[in-house]
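Student: Among the features that TrEMBL reports, domain 'DUF112' is placed at C:17-434. For C:20-46, C:58-79, C:104-132, C:144-160, C:166-183, C:190-213, C:306-330, C:351-374, C:386-419, C:426-443, C:463-484, the entry in TrEMBL reads transmembrane segment.
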Amino acid sequence: MRYSWRPAAAGPFVAAGVATLLLIASLVWGGDDDAGFLNGRQLRLMAPAAPGGGWDQTAREMQAALRTEAGRTEVYNVAGAGGTIGLSQFVSHEGDPTQLMVMGLVMVGAIESNDSPVALDRTTPLARLLTDYEVIVVPADSPVKNMADLVNAMKDDVGKVSWAGGSAGGIEQILAGLVADAVGADPAEVNYVAHSGGGEALSTLLSGRATAGVSGVSELEGQIKAGTIRPVAVSSPQRLPTLPDVPTLKEQGVDVELANWRGVVAPPGISAADERQLEDLLVRMTRTEAWKETLQRRGWLDATMTGDQFEQYIAGERRTVTDVLVKMGLA
Amino acid sequence: MTDIEEGRPLPETPELAHREARAAGALGVLMVLAGIVVLIDAARLRDSDETLGPAAAPTLLGILLAVIGGALAFQSRHFLRTAQGPKRNLWRLAALVVVLIAFALLLPIMGYVVSSAGLFVGAALLLGAPHPARVLAYGWTLAIVVFLVFDVLIGLSLPTGPWGF
Amino acid sequence: MGDLLSGFADALTPGNLLWAFIGVTIGTAVGVLPGIGPALTVALLLPVTFRLEPAAALIMFAGIYYGGMYGGSTTSILLNTPGESASVATALEGNKMARAGRGAAALATAAIGSFVAGTIGTIALSAAAPLVADIAIHFGPPEYVALMAVAFVTVSALLGPSLLKGAAGLVIGATIGLVGIDTQTGQARLAFGLPSLFDGIDVVIVVVALFALGETFAHLLAGTGDSRVEPLRGQPMLSRDDFRRSWPAWLRGTALGFPIGSLPAGGADVPTFLSYSIEKRLSKRPEQFGRGAIEGVAGPEAANNAAAAGVLVPLLTIGLPTSATAAVILTAFQSYGLQPGPQLFSESGDLVWALIASLYIGNVLLLVLNLPLAKVWVRLLAIPAYGIYAGVLVFACLGAFAAGGTIADLIVLTVLGLVGLLMREAGVPVAPAVVGLILAPLAEQQLRRALALSEGDWSTLVSSPLTVILWAVVLLALVAPPLFARVKKHRRHIDEVRTG
């Protein structure tokens with residue numbers, strides 16, 4: 001019976017030989033299209049999140065913008081736990097300057113709230129690239145008209161104001177905690193209802209069960225323009241070009257400012273020369289037309305910052321975030 | 001045709017019924033142990049000010065695991081006490097698990113193509129394939145085709161060994 | 001209507017047809033492989049398509065999306081190794097049919113059912129999207145709690161002949177679903193301090209482990225590595241009787257799949273389980289269930305594809321991605337400067353109608369591609385089991401690696417495969433484990449959200465007309481079957497008295 005399935009006794013060996021030749025051909029052929037960066041080795045960029053999210057988008061936009069500067073870059077995803085799973089895997093590439101990882105404020109928070117065994121000081125920070133701001137919204141038919149209404153409601157009974165937003169300990173919850181702190185309410189009493197993403201939080205808000213929602217500006221822009229939800233404040237220092245009619249928190253007397261920044265880090269133990277070269281590369285990338293067009297299209301703001309300045313910035317952000325997370329009872 | 005159907009209401013032979021009952025008993029004991037682990041883990045959680053905290057669901061599931069597992073073990077208690085039946089291919093199962101774990105550990109070192117070909121050959125031989133040489137040729141071809149399609153064409157980055165594949 | 005026609009005009013250029021065809025082919029190919037779903041494929045192909053025109057790229061993605069949804073059924077039926085949770089229900093009866101040599105019939109009813117459901121779903125999408133979205137946005141946490149209750153009480157048909165063993169499967173799955181960081185408080189549960197477990201265990205890994213690895217291990221233990229299945233010869237692919245039993249199931253599956261798929265937290269797996277249960281309950285031959293009943297393939301497959309169309313409703317009308325694939329398609333939309341949401345139809349209407357038209361085209365292409373292929377696929381089973389299952393292992397490991405990207409995922413895969421083997425040996429069905437894995441965490445999160453939003457007031461669970469209706473369905477599902485059984489028994493009794 002078995003020979004009905006075998007093509008011929010030599011068939012498998014011929015197939016294996018052909019496959020080997022193809023493999024070798026693809027290696028030889030595909031090997032020389034790099035632009036000679038770092039001795040011709042290819043950059044690998046980790047997006048420590050699932051496809052479709054903010055870090056994944058940043059990584060894939062970088063891949064496109066880096067094409068002219070560093071040839072083909074490879075993007076891969078290691079999803080989970082606010083990026084801390086990717087981080088703990090990333091630090092094992094010690095001393096390898098071809099490995100990069102996208103990170104940001106969310107990771108700073110997740111490291112604290114998840115008690116991650118690996119922290120950002122195990123990496124070599126290269127550059128902050130961009131910021132995305134948060135917007136506080138209410139349902140279109142809500143009695144809350146502006147930030148003052150919301151603040152008053154919080155001062156009355158902070159537990160009665162429910163907030164729908166992204167994951168626990170993430171940037172949305174941090175913002176809710178900072179607002180509560182700034183208006184003199186107890187951050188630990190904030191009634192924050194976590195969701196696995198901005199989309200899910202939006203659906204809870206649209207169902208009319210939550211008082212307010214928090215999400216990235218770029219995620220809610222369409223809803224705001226269509227009038228299904230009403231924006232009451234943005235978390236930026238100045239009004240945003242995409243939402244010029246929405247006042248900032250500071251304008252409305254709430255002294256809070258929060259940028260959802262994203263940046264890039266390299267593994268620990270790379271040489272100072274490599275570090276400088278990578279930083280130069282990233283700065284060059286932010287000056288390309290492709291990158292400027294990306295920022296415009298996605299509504300991100302340029303926030304390039306490198307070197308020691310960036311390292312100190314991370315340390316400062318970590319203090320702010322840890323402080324509010326402790327006050328909220330999350331770290 | 002030999003088949004191994006799951007969830008069959010009545011096993012045909014007493015030997016099969018015996019085997020199934022012994023496995024059910026083992027699963028039951030395992031579930032009771034897992035239930036205890038789940039309950040211990042739930043007790044460790046920091047409580048929140050929610051009406052239903054993070055420990056509510058694990059506590060319920062831990063109890064259910066223990067109760068259902070206990071019932072399964074109780075049902076097959078007679079079979080658990082009897083001596084082991086004939087040793088069926090258990091060593092093959094152990095060997096395949098070793099092959100799978102070796103694959104996981106060797107993947108970053110040897111690269112995708114070599115480790116996958118190894119996995120294929122190991123699994124096929126343990127499953128009873130004749131002609132090791134031919135199996136090797138098939139495994140090698142399959143691993144290369146997968147690598148070419150997913151790594152080179154689609155761009156899923158698979159681990160590579162020192163030789164670049 | 002005119003919009004749709006011009007959409008067809010845009011999509012039906014030879015170039016775009018080619019992209020649709022490429023998309024459908026790639027989608028089917030990756031859908032067949034356990035663990036590698038359409039989301040990952042679209043994400044990987046995104047940079048390649050930057051050079052394409054927006055219409056061409058979206059058309060290709062639509063093809064990958066539908067193709068991937070369809071491809072999953074092939075391995076479920078032939079090898080009992082579903083690659084994602086939405087194909088699990090298809091495997092239950094489909095694989096029994098394949099083992100009995102009727103694989104071609106199972107594949108054919110799946111292909112035609114997918115086509116029927118995909119077409120009706122696409123029509124519903126083009127006709128009623130805004131209307132459906134209006135209802136869907138009223139689904140808040142309390143409504144989901146009620147919906148989950150409906151799902152739990154109706155999936156009992158999946159539990160198999162022994163209630164105790166079925167419940168064991170359900171609880172094991174629910175426990176696996178607990179692993180990972182709790183969404184509400186950010187604390188890790190059952191992770192034992194291992195970072196790779198913080199994000200939970202990917203559903204794909206559990207499904208692949210319980211089915212594909214469990215199946216492989218079982219062949220190893222039984223020493224049946226040489227076995228193979230001979231397809232029955234001299235029979236039409238789909239007999240008249242098969243067709244008569246299939247078409248109502250296709251329609252019922254579609255009716256379940258589209259609305260549930262279009263809920264913001266609906267997804268494609270819940271309707272497939274519901275469809276299976278309903279088919280079993282309504283069947284005139286319930287004794288065939290578990291032995292290869294064709295309705296049990298037709299219904300869930302239709303539900304799966306109708307849900308795939310439904311998922312696009314919240315994506316296009318509110319900009320809500322409700323599945324990983326939808327999230328990636330959203331990214332694709334945005335990279336062409338489109339913002340899905342209430343204004344999408346008014347602002348970029350042509351492109352949306354071209355996308356909807358290409359969904360129709362993708363459906364037709366899938367049928368054309370897959371119906372003849374069914375006979376080819378069935379011949380795969382002539383390869384001895386050792387060849388098939390060694391290959392399945394290679395793809396299962398590839399899928400697990402692609403889903404998580406870490407070595408730890410492969411170890412988890414192996415361990416869960418052993419759990420699956422023990423369950424099989426003990427006669428504990430694995431399908432309820434998948435149900436528990438998907439429904440239990442959803443139910444828990446939604447219940448806790450509902451209670452947090454209402455500040456601990458349980459009456460929130462029945463606070464809207466929708467919730468009341470859903471709870472009424474729960475009651476009905478609990479009360480009606482025993483009542484029916486009693487009436488039937490009573491009638492039979494009367495009949496016996498009369499004839500006797």
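Including glycine, each Cβ sits where the backbone N, Cα and C put it.
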Student: Under 8 angstroms, Cβ to Cβ: which one of C:104-132, C:166-183, C:351-374, C:386-419, C:463-484 has the largest number of such pairs with the transmembrane segment (C:190-213)?
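Tutor: Most contacts with the transmembrane segment (C:190-213): C:386-419.
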Student: Is the transmembrane segment (C:463-484) in contact with the transmembrane segment (C:104-132), using at least 3 Cβ pairs under 8 Å (sequence separation of 6 or more) as the test?
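Tutor: Per Cβ check, the transmembrane segment (C:104-132) does not touch the transmembrane segment (C:463-484).
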Student: Could you pull the average pLDDT for the domain 'DUF112' (C:17-434)?
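Tutor: Residues in the domain 'DUF112' (C:17-434) carry a mean pLDDT of 81 in this prediction.
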Student: Residues of the same chain, at least six outside the transmembrane segment (C:166-183), with any C-beta under 8 angstroms of its C-beta?
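Tutor: Non-local partners: 156, 158-160, 189-191, 197-201, 206, 416, 419, 423, 428-441, 445.
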Student: Using a Cβ distance cut-off of under 8 Å, indicate which of C:144-160, C:351-374, C:463-484 has the most pairs with the transmembrane segment (C:426-443).
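Tutor: Selected stretch: C:144-160, with the most Cβ pairs under 8 Å.
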Student: Report, as numbers and ranges, which residues of the same chain sit near the transmembrane segment (C:351-374): CB under 8 Å and 6 or more residues beyond its ends.
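Tutor: For the transmembrane segment (C:351-374), the list is 3-4, 6-8, 10-12, 16-17, 20-21, 23-25, 28, 54-55, 58-59, 62-63, 65-67, 70, 103-104, 107-108, 111-112, 114-115, 118-119, 122, 125-126, 237, 309, 312, 316, 336, 338, 344-345.
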